[in-house]
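Working notes, structure below.
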């Protein structure tokens, strides 16, 4: 009787106790997994080589080695370690692609591309300046042509205007000179005729004796 009572009490206690939390299994980082070593709590490589990116550590380890990677990370402050790991991975990939020049070859190619782009930019700027000069020259020729055309139109309009009846001062002077010449000619002619010996009119006026005697014989 007593044993059965103790068994039931133990069963009740075991059923009423809360379940224990599941054990959290921490996966080692990619570096420790590849190196086949135990990943400690404060592993230097764990924050930068997560277990989901094993190729990242494989590439860097192939070129630099695990000891060099750990040494470089320990010598740098934590604020610069992320950039350092990125640089190491990039340099390792460049070295694998080009074992001779590595990242230096990539830098040279980038410098060459920059130089080519600068040359193309300078050429384009020179072409733009040349086009602007040509445009300015054409605009100047067009303005000159328009000015000449307007002057020609003004001359045509002046020629097409009807002549007025007013006599210019020059024509008036020439007419007066002509009239003066005509008057002088007439005056000289009259003077010459009056002084000639064949003119009988002067004899009549002067009362020539011969003519008077002839008239007297008639009476």
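Including glycine, each Cβ sits where the backbone N, Cα and C put it.
Automated prediction, rather than curation, is the source of TrEMBL annotations.
Residues or ranges marked as region 'Disordered' by TrEMBL: 1-23, 154-174. Residues annotated as domain 'LOB' in TrEMBL: 27-128.
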Per DSSP, what is the residue tally for the domain 'LOB' (27-128) in helix, strand and coil?
72 helix, 0 strand, 30 coil
Average the per-residue pLDDT over the domain 'LOB' (27-128) and send me the rounded value.
91
